[in-house]
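According to TrEMBL, the features are:
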type   : residues : note
DOMAIN : 4-26     : domain 'C2H2-type'
DOMAIN : 27-54    : domain 'C2H2-type'
DOMAIN : 55-82    : domain 'C2H2-type'
DOMAIN : 83-123   : domain 'C2H2-type'
DOMAIN : 124-151  : domain 'C2H2-type'
């Protein structure tokens, strides 16, 4: 049997897998409103509600109820940045940080504006002191320096 390029030798495995593609989540948490398509996911989730924290950080001794939470926490202690932006080569510790960064490029104009940051090209020049900026917004902020009217007294 086939589903989304996955094959199964047993029908019950296919049926279990099909739940992933369904909005139907049969396994409901008795403590909160969350529900899950797999019983194993519910069992893992239930650890959140217990005081049992079996996974301890070897660096700072903070404890977690789930191994995945410990793994995410361990990134705090690391300078390693495994997730690299294919557009500007900036690196991130976590994939969700990279994804947030990538969302900022959803508009082509935003991407082009950002790419100027990585060049030494500064297209916006102050008419008063000739200082240059890569973004117009930075020039506008700078112009306040030359303003005779002081905004904050």
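Quick reminder: no glycine exception, Cβ is built from N, Cα and C everywhere.
Taken together, the residues of the domain 'C2H2-type' (4-26) have an average pLDDT of 77. Sorting each residue of the domain 'C2H2-type' (55-82) by its DSSP state yields 11 helix, 4 strand, 13 coil.
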